[in-house]
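Chemist: In case it's useful when we look at the structure, here is the feature table from TrEMBL:
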type	residues	note
DOMAIN	17-422	domain 'Major facilitator superfamily (MFS) profile'
TRANSMEM	21-41	transmembrane segment
TRANSMEM	47-69	transmembrane segment
TRANSMEM	81-101	transmembrane segment
TRANSMEM	107-124	transmembrane segment
TRANSMEM	145-169	transmembrane segment
TRANSMEM	175-197	transmembrane segment
TRANSMEM	246-268	transmembrane segment
TRANSMEM	280-298	transmembrane segment
TRANSMEM	305-325	transmembrane segment
TRANSMEM	331-356	transmembrane segment
TRANSMEM	399-418	transmembrane segment
Amino acid sequence: MSGKVAQRMHINLASPFILEMWVIIFLVEFVKGSLLVALLPVYMENILGISVTVVGFAFAMQYLGDNLFRSPSGWVMERIGYRWTMTGALLLILVAVGMIIYAKDAVWLSVACLILGIGTSPLWPCTMTGITELAGSTESGSSGAAMGAVEMASLAGTGIGPIVVNFLMDHGGQSYHSMFLVLMGCAAAVAAVALLLPSRIGAHAPHAIVRGGGEGPVAVRRKTKPLESLKRTLHQVRTTLKVSRLLFPALFLQAFAIGLMTPVVTLFARSELHVTPNQFSLLLIAGGGITVLALIPAGKLVDRIGTTVFLNIGFLLAAGSLAFFSQVRWLPLAFCAVALVGISYALILPAWNAFLAKQVPKGERGTVWGLFLTLQGSGMVAGPVISGKLWDTVGHSTPFLASAFVMVLLFGLHLLIVHRTKRKLETG
């Protein structure tokens, strides 16, 4: 049996697209993690004298830019391909970091954060669409292991970035300016890697540009007027997307829970746990390291036994461990709490993305993934704003307690979605 006829059981994690996106995701999240976790909260509050509420607003601008352009970037990607969509957008990260170096007030820093968000907006629509296309060409149709692999790249970049920055500033005597220049170099590198991406994957991306030519339906689609193409896309999404309405608030809440923690976790560690930069790096390793190591094994198990068990356990464990972390003031217990949070997210992330992938229809995958990620990203817009307000007005533990409560809501919503889906299948 030839390789063209035979189907793999699961996605090949060593395929060029997966490897290229792994590097891109790692570098993008390295830059974002360094900025949003390690540098900007302290830089804006201590160096520029900006309040935590305004810091939360600036972070929200980053998430707003990312969120607003996810659906459009998915639509564009299906028409001009992965390579040029990603390369053009990622160059904006370089512009954003350059602006941060020279910005001295909240307005320009917020604008820079907005541009940073726009630059990262195609990342996940392109990744999720590509993985969904690859999964569709396999015998199992499962994507859990591949989802775990890209989430591993994301978390590794998000965790390693702050660790490297804290180490260089604590032991290397590097200034904020030097760190921003290092991140500009990373931004240039990730744009270069994006040039290696293919224009499209397989035969299921009918709108994308084909290398070397264009005959048949692909060439016809390229000649369609943009407005007509957009109308046809919206009609196709409305007619093919059949999911539980409860999925939409669940998409928002899943990211909202993370957004509540993002702008305050560094401040909480320093003000309540009184940790040094090195100790904070160890905390990140305790949580993020466990998550990263467990993601691919968890993803493979998701492919074998399904998503329901992982999501139910993950949501409840996350709720309990976040509530526990909010009350801890002794460092050894903080490490235990962070490790439990890491385990819970290792269960949630590949299962959640594989769960969403099953909801995406074959037509207009990029646009639908963009829609899902836009709804999910809106939680990352609202989360930091509310988190900063809770921190300033209610208490330092409140954002983490709120995040724990959201996890309980997600547990309930997921149970209802699964129950309603089963009932529809039985009656249908």
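Here the Cβ of each residue, glycine as well, is placed from N, Cα and C on the backbone.
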Chemist: At a Cβ cut-off of 8 Å, and with pairs 6 or more apart in sequence only, do we get at least 3 pairs between the transmembrane segment (145-169) and the transmembrane segment (107-124), yes or no?
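Modeler: No, the transmembrane segment (145-169) and the transmembrane segment (107-124) are not in contact.
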Chemist: Out of 21-41, 280-298, 331-356, 399-418, what stretch is closest in contact terms to the transmembrane segment (305-325), meaning most Cβ pairs under 8 angstroms?
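Modeler: It is 331-356, which has the most Cβ pairs under 8 Å.
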Chemist: Top stretch among 21-41, 175-197, 246-268, 280-298, 399-418 for CB pairs under 8 A with the transmembrane segment (107-124)?
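Modeler: Out of the listed stretches, 21-41 contacts the transmembrane segment (107-124) most.
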Chemist: Taking residues 6+ outside the transmembrane segment (81-101), which of them lie with a CB under 8 Å of any CB in it?
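Modeler: For the transmembrane segment (81-101), the sequence-distant neighbours (Cβ-Cβ under 8 Å, at least 6 residues beyond its ends) are 17, 24, 28, 31, 35, 40, 73, 108-109, 111-113, 115-116, 118-123, 126, 130, 177, 180-181, 183-184, 187-188, 190-191, 194-201, 205, 208-209.
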Chemist: Taking only the residues in the domain 'Major facilitator superfamily (MFS) profile' (17-422), give me the average pLDDT of this model.
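Modeler: Value for the domain 'Major facilitator superfamily (MFS) profile' (17-422), mean pLDDT as a whole number: 84.
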